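Novice: According to TrEMBL, the protein has these features:
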{"type": "DOMAIN", "residues": "4-119", "note": "domain 'Semialdehyde dehydrogenase NAD-binding'"}
{"type": "BINDING", "residues": "11, 12, 13, 14, 39, 40, 160, 161, 315", "note": "NADP(+) binding site"}
{"type": "BINDING", "residues": "99", "note": "phosphate binding site"}
{"type": "ACT_SITE", "residues": "130", "note": "active site, acyl-thioester intermediate"}
{"type": "BINDING", "residues": "157, 235", "note": "substrate binding site"}
{"type": "ACT_SITE", "residues": "242", "note": "active site, proton acceptor"}
Ligand SMILES: NC(=O)c1ccc[n+]([C@@H]2O[C@H](COP(=O)([O-])OP(=O)(O)OC[C@H]3O[C@@H](n4cnc5c(N)ncnc54)[C@H](OP(=O)(O)O)[C@@H]3O)[C@@H](O)[C@H]2O)c1
């Protein structure tokens, strides 16, 4: 059994990673179609050892496509995902356009796989925000063990989370600083090279940013609506890999040793926690990896049943493309999708 898969946004950061991961994991494809905007028509992208010519989204007929992984931003998704879904093609969307829609499941396979069955309502499945995906992978097993009451998280998010323009801006600005040239600020609100910016997405009325709000809403939707969470989201001059300093207050007692043992066994998690120089993961080491890495696990004696930890993952993989491919795998494993075209 194999599926015709369309990758929308195939020339972007997430789309390219999506093609890599579909190939690496041997997802059963009969055909892969690379789609992007008219700007990229005719350019080429790699899929394993094959080269795909990029076609335009608005000229593609989805009637014989089984799965569409969509990574082209919220506006493109709002316009296209419902139309594609109506053609009987399951959309796995990386944007925030449908994440908070009650008729659209928001899925991290290690966390809430059973919620996927809801997808038939619109034929759309949402992928969470990159900073939420890695956080819930680490929180879920701890919540099961000791029930989380409250989480305080500060993120250190790489520029690739802002797309290919974000990566270009860090590169260009860094070079400009070294050659004593003028530094242009276009994509971010302030210079990102040799700086950090406590602002991701738009400001809301209460002073939080939309990125911070997303972490609250998505954690509640996927893990438990009773969990209280507050976030500060910060952009840092790192190309790939989001880091998070996480403080958790539990209902029940849990020691750092117990948490370490639980996380060692938990799906998608990898613990690297030696209390010595370099005995922890940094974003550089997470790039290209599938795991959510957890380090610096320690008890916080300033609250009852408190733990602090450091969580790092490749935002383009678990934060986006890997999670989307895992969702596609879940559809196949559970027999929730059948290829439209039978193999000859
Ligand atoms: N980066 C992350 O860590 C991350 C994590 C989770 C979710 N996401 C989400 O994933 C999506 C893509 O992010 P990205 O980082 O890959 O952005 P990106 O590098 O800027 O790539 C954007 C992609 O969308 C395509 N696109 C833009 N307008 C289009 C249109 N009108 N029709 C068809 N294709 C169009 C672009 O094609 P052209 O090359 O033709 O312009 C490009 O392939 C966003 O919704 C983002 O929020 C990103």
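For all residues, glycine too, the Cβ spot is worked out from N, Cα and C.
Looking at the shown structure, can you explain where the listed features end up?
Specialist: The predicted model assigns the domain 'Semialdehyde dehydrogenase NAD-binding' (4-119) a mean pLDDT of 97.
Non-local neighbourhood of residue 160 (NADP(+) binding site): 13, 166, 167, 239, 240, 315, 316, each in the same chain, at least six residues away, with C-beta under 8 Å from its C-beta.
The local packing around residue 99 (phosphate binding site), expressed as other Cβ atoms within 10 Å of its Cβ over all shown chains, amounts to 22. Secondary structure at residue 99 (phosphate binding site), taken from DSSP and collapsed to helix, strand or coil, is coil.
Around residue 130 (active site, acyl-thioester intermediate), a 10 Å sphere centred on its CB holds 27 further CB atoms from the protein chains shown.
Sequence-distant contacts of residue 157 (substrate binding site), defined by Cβ-Cβ distance under 8 angstroms and a gap of at least six in the same chain, are 130, 131, 200, 211, 233, 234, 235, 236, 242, 315. In this structure, residue 157 (substrate binding site) is part of a beta strand by DSSP.
Its Cβ placed at the centre, residue 242 (active site, proton acceptor) has 29 other Cβ atoms within 10 Å. Under the DSSP three-state reduction, residue 242 (active site, proton acceptor) is assigned to strand.
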Novice: Drop a 10 Å sphere on every Cβ of the binding-site residues 11, 13, 315 and tell me which sphere holds the fewest other Cβ atoms.
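Specialist: Result for the binding-site residues 11, 13, 315: minimum number of other Cβ atoms within 10 Å at 11.
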Novice: Roughly how many angstrom lie between the C-alpha atoms of residue 99 (phosphate binding site) and residue 11 (NADP(+) binding site)?
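Specialist: Cα-Cα distance, residue 99 (phosphate binding site) to residue 11 (NADP(+) binding site): 23 Å.
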Novice: Just going by other Cβ atoms within 10 Å, which of the binding-site residues 39, 235 has the emptiest spot?
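Specialist: The binding-site residues 39, 235 were compared, and 39 has the fewest Cβ atoms within 10 Å.
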Novice: Which binding-site residues, if any, among 11, 39, 157, 235 have a Cβ under 6 Å from ligand 1, given in order along the chain?
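Specialist: Within range of ligand 1: 11, 39.
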Novice: How would DSSP class residue 11 (NADP(+) binding site) in three states?
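Specialist: It is coil.
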